[in-house]
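What TrEMBL says about this protein:
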- A:Asp309: active site (ACT_SITE)
- A:His64, A:His66, A:Asp156, A:Asp309: Zn(2+) 1 binding site (BINDING)
- A:His66, A:Leu67, A:Arg68, A:Asn98, A:His313: substrate binding site (BINDING)
- A:Asp156, A:His183, A:His236: Zn(2+) 2 binding site (BINDING)
- A:53-239: domain 'Dihydroorotase catalytic' (DOMAIN)
- A:282-425: domain 'Amidohydrolase 3' (DOMAIN)
Amino acid sequence: MSSTVLFRRGRVIDPRNGVDGVRDVLVRDGKVVEVSEALLPVPSSAEVVDATGKWVLPGFIDLHVHLREPGEEGKETVLTGCRAAVAGGFTAVVAMPNTKVVNDNAMVTELVLNRARAAGLCHVYPAGAITKGLKGEELAEMGELVSAGCVAITDDGRPVMNASLMRRTLQYATQFDVPVMVHEEDLTLSAGGAMHEGTTSTRLGLRGIPASAEVAMVARDLVLLEETKGRLHVAHVSCEGSVRLIREAKRSGLRVTCEVAPHHFILDDRAVGDYDTHAKMAPPLRADTDVQALREALVDGTVDAIATDHAPHGVLDKQVEFEKGINGIVGLETALGLTLELVHAGVLTANRAVELLTHGPAKAFGLPGGHLAPGAPADVTVVDPDVEWTVDAHQFHSRSRNTPFHGRKQKGRVIQTWVAGHRVFDKGQVGQSKESR
Amino acid sequence: MPRTTLDVPHAPGYAAPPAMRHLLGIEGWRRDELESLLDRAKAHLPGAPDTTHLLRGKVVANLFFEDSTRTRTSFHMAAKGLGASVLNWTHTGSSVSKGETLLDTARNIEATGPVAIVMRHRSSGAPHLVAKHVKCAVINAGDGTHEHPSQALLDAFTLRQRWGSLDGRTVLIVGDVLHSRVARSNLHCLKALGAQVVMCGPPTLMPPGLESLGAEVTYNLDAVLPRADAVMCLRVQLERQEQAFLPSTREYARLFGLNAAREERMKAGAVVMHPGPINRGVELAPAVADGARSVILEQVSNGVAVRRAILEVCTA
């Protein structure tokens, strides 16, 4: 594979560097060398990618992905998760620690990193657990996790219910300057709930999860954040109340960032329809007014990143009574299309949409990439903004198919993904991993 | 500011039209559909011509994942009255305790060849899941806190027997609406048939959005009682006290129990209903349950005729 690549005449959208226009992008030895308005001469031995009419973007970064390895390899592995990632245009993913051996120690962190290296497709940044075994009782060895390569700590999937423990977590984490990523759910308020509490839950006779289950915890943690001067990242924000509090906290200078998942800004609780477990996740799909508030927060900068909360599950986890259905949907391969729906609808500019997938998440977690200035990693996603296609879960590169978006019409699709100057996805095919090379 | 009001289309599935083959809920049924079923039920009242030819040689499977006396025996008698054999399956001592999934159980029952599965389950939507995967009719005999369509139909039948039409009548439903499938089915059924529905109970037991589903909501029983043509009392489960929905059943009885003093303030001719089983002395005083206004036992006997009509319509 060529180590010099010239992306010709694509529309480069690089929000961090204020670029939005037709450019040539030259990359060499895994780095961006030059971004030029003028035609660049083709270096000898360079591979030329004709990007006319296409978008040439910094590789997408997903702060919230469940790769399921170790422990639930039937749902996903680091390899299949990376395949799904690059197929969706993601060149970096943050892997959640709630695997079936919890990533609460360096051995598990290293296992994930080794598997990612072997896959050789995209960057995988593990997140370590806040508490041992995600039990919410004792702190995991944060120093060890960070030095092993964890970029954030989180008990994702579960809240830290104990306020004192949460306060100490924020305090302790300040010495490493890692974000504390929180799944905000007061379990006493959400107990037994299967979907958002509202007219639809009343109609369907399903126990509701009130918005306050999230908002009350966001409020608590922002108070603790102010006191500890720590760094907080609120995962998968789902409702208006949370957005309002985070907006206000940002204005007052607190170090808080947050992410929103595409399903939360596209669907509302009515998508549960006829007890469709593919519309079941935590936090649940909320009211249309919440969807509206999330969209406004994506626009005004309250939200830092679009993150998928890619949560692979098997058929048997979903083909059950709604109350028994397991939470979560896969998201890596549908994220761009759903984000572009907001662009087509005039809610987001293309520039802002790209920022939420690239520089926004990079900045929130302090990760490399997310932009295309000279010297930046040659992580590039090429998008055809005009192609119309239909989501087909059977074609997913992920090992799982659990999505409520099967059959949804989309406009705009990833056609190529490059990581460190190597082509890892092209025309629907994931490049050979190093393992099989 | 870019437009943020523009709506990206939501996923489909909201208020899907009902399939006549299944009876999963009342929601979505049209008035004429309900009326024709209720009219048909008249042909199944005691003394009507024999109907045992209708399902002779056929099997109706009763699939009860939750305890039930009244509904299960009522469906049993209804199936017998149409000449069907009845397969009675209950969760106790079944393969469910061995970890069999709902779908596996349902498919195995289906493999025995029933024309209909009559199903009760503790999870809302369980019959909807089964209906998507079997070929026979699925009749919801109560799913979680969602719907109990045959109960609402027999209630409507009982009221029509008295009043002829429900147009302009006011039905007051009192109690734990949050956890009541009877309340939801009745709301849809009564509204579709032209009645007004008032729901009354402690605020903790009134789910959000009832008004948008067509109910009037109040917390003051004494204020609305004189307006009601029928008062339907819902069962209050004793464990609601532990979950802090209520301080005590004593206080519940004081605020929302239908006692003799309240009964006196009811309209002349207004009736008292209850889907059973009754917590005597909590939601309903014994003297009222057994009093002149009570139509509770008529509800039970009408249940068989209505369920015969349901089986007949769904297996036609």
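Glycine is no exception: its Cβ is also placed from the backbone N, Cα and C atoms.
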What DSSP reports for the domain 'Amidohydrolase 3' (A:282-425) is 48 helix, 30 strand, 66 coil
Between the Cα atoms of A:His313 (substrate binding site) and A:His66 (Zn(2+) 1 binding site), find the distance and write it as a whole number of Å. 10
Same-chain residues at least 6 positions away from A:Asp156 (Zn(2+) 1 binding site) with a Cβ under 8 Å from its Cβ, in sequence order, are A:His64, A:Met96, A:Pro97, A:Asn98, A:Ala127, A:Met181, A:His183, A:Ala235
Just to be sure I understand: of A:His66, A:Arg68, A:His236, which binding-site residues have a C-alpha no more than 10 angstroms from the C-alpha of A:Asp309 (active site)? A:His66, A:His236
Count, for each of the binding-site residues A:His66, A:Leu67, A:Arg68, A:His183, A:His236, the other C-beta atoms lying within 10 angstroms of its own C-beta, and report the residue with the smallest count. A:His183
Quick one: pull the CA-CA distance for A:His236 (Zn(2+) 2 binding site) versus A:His66 (Zn(2+) 1 binding site), whole Å only. 13
Among the recorded positions A:His64, A:Asn98, A:Asp309, A:His313, which residue has the fewest other Cβ atoms within 10 Å of its own Cβ? A:Asn98
Taking the recorded Zn(2+) 2 site as A:Asp156, A:His183, A:His236, identify the other residues of that chain whose CB atom sits within 8 Å of the mean position of the site's CB atoms, giving them in sequence order. A:His64, A:Met96, A:Thr154, A:Gly157, A:Met181, A:Val182, A:Glu184, A:Ala235, A:Ala282, A:Asp309
List nothing but the largest Cα to Cα distance in Å, as a whole number, among the residues A:His66, A:Leu67, A:Arg68, A:Asn98, A:His313 that the record says bind substrate. 14
Determine, for the substrate site, the additional residues of the same chain whose CB lies within 8 Å of the mean position of the CB atoms of A:His66, A:Leu67, A:Arg68, A:Asn98, A:His313; present them in sequence order. A:Val65, A:Glu72, A:Lys75, A:Glu76, A:Met96, A:Thr99, A:His310, A:Ala311, A:Pro312, A:Gly328
